[in-house]
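Below is one structure; the comments refer to it alone.
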Amino acid sequence: MTNPLNSTAANRSNQPSSDGISDGQITNEEAESLINKKNCSGHKLKEVTDSDTFSDNGKDDSDTKKRFHYHQDQRRMSLTSIVAVESPSSSNAPSRKTIDLGHGSDLIYIQRFLPFQQSWTFFDYLDKHIPWTRPTIRVFGRSCLQPRDTCYVASSGLTALVYSGYRPTSYSWDDFPPLKEILDAIYKVLPGSRFNSLLLNRYKGASDYVAWHADDEKIYGPTPEIASVSFGCERDFVLKKKKDEESSQGKTGDSGPAKKRLKRSSREDQQSLTLKHGSLLVMRGYTQRDWIHSVPKRAKAEGTRINLTFRLVL
């Protein structure tokens, strides 16, 4: 039987992309920025190695170990030295950033958690094989269509997940083996952590979003650890500190559009991260008790983003 991960990787690597950019070498920072921009526009990258080396002047460039390039008609442009972390378990472990939110709450962000091309392989698999649904939910007593696709995977025997009047169908981990590979990679960078459920979300464009909320359901306990892996188009992830009365009463705050509500918060009471393709964000401690978070609408986010949030149901 053909491995769906291998086949999707082959399809992606063989697809040309039109970029409208002239030939020439650019810096690593410019290359990464360009990659993120093109990913959000639905463009795909092809990975090349030493045997495919070339440059503007037509001379062999044997010093380049690994590059990504775009095709536009017969022109080629190389993005030099874009080398992803080989493996979360390698001796050259991916660098991480810790953000202390205060009062026992913190975040961990690993931008290059998974290798670049492998992340696209996972993206293709998830986009095509997950049974996505866009359910009707209830917000402030009104029924509306959830502004993103979703799916739920969990171990057997767990308390059912219910949010906004919606109870998703629970699929088995065995239904989607690549999810176990991603979970194993998380365990390698978060030793001692444990997760038994997964909520998947797919944002298909600029109008898809998630409003202000906290993942403070009782089934997760008072200090849940939530590991969030992102694939595809990068999107902003915004946190806002709850009001004192909201935090003490366990309320999740208002559910209004994140972009509008954000303007009412002070800079000290908010955090914003741009979650990259293949990145890992971990929320820990009392983050769900004291903070709410959102993924706002973004006019320039034309591509699809898939996000996996691993959780532990007690």
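Cβ coordinates are placed from backbone N, Cα and C, and glycine is handled just like the others.
Model, not experiment: these values are computed from the prediction.
Positions annotated as compositional bias 'Polar residues' by Swiss-Prot: 1-28.
The region 'Disordered' annotation in Swiss-Prot covers 1-75 (among others).
The compositional bias 'Basic and acidic residues' annotation in Swiss-Prot covers 57-75.
Non-local neighbourhood of V162 (substrate binding site): E217, each in the same chain, at least six residues away, with C-beta under 8 Å from its C-beta. Feature annotation from Swiss-Prot assigns substrate binding site to W132, A160, L161, V162, Y163, D216; the stated evidence is similarity to another entry.
Within the model, the domain 'Fe2OG dioxygenase' (194-314) carries an average pLDDT of 88. If you look up Swiss-Prot, you'll see 194-314 marked as domain 'Fe2OG dioxygenase', on the strength of sequence analysis.
As annotated by Swiss-Prot, 2-oxoglutarate binding site applies to N201, R202, Y203, R305, I306, N307, L308, T309, F310, R311. There are 25 other CB atoms within 10 A of the CB of F310 (2-oxoglutarate binding site), with all protein chains counted.
All protein chains shown were included, and the count of other CB atoms within 10 Å of the CB of H293 (Fe cation binding site) stands at 27. In three-state terms derived from DSSP, H293 (Fe cation binding site) belongs to an extended strand segment. The Fe cation binding site annotation in Swiss-Prot covers H213, D215, H293.
The region 'Disordered' annotation in Swiss-Prot covers 242-271 (among others).
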Three-class DSSP secondary structure - D215 (Fe cation binding site): coil
Within the domain 'Fe2OG dioxygenase' (194-314), residues counted as helix, strand or coil by DSSP: 21 helix, 50 strand, 50 coil
W132, L161, H213 filtered to the binding-site residues whose C-alpha is within 10 Å of N201 (2-oxoglutarate binding site): W132
Extent of the 2-oxoglutarate binding site in Å [max Cα distance among N201, R202, Y203, R305, I306, N307, L308, T309, F310, R311]: 20
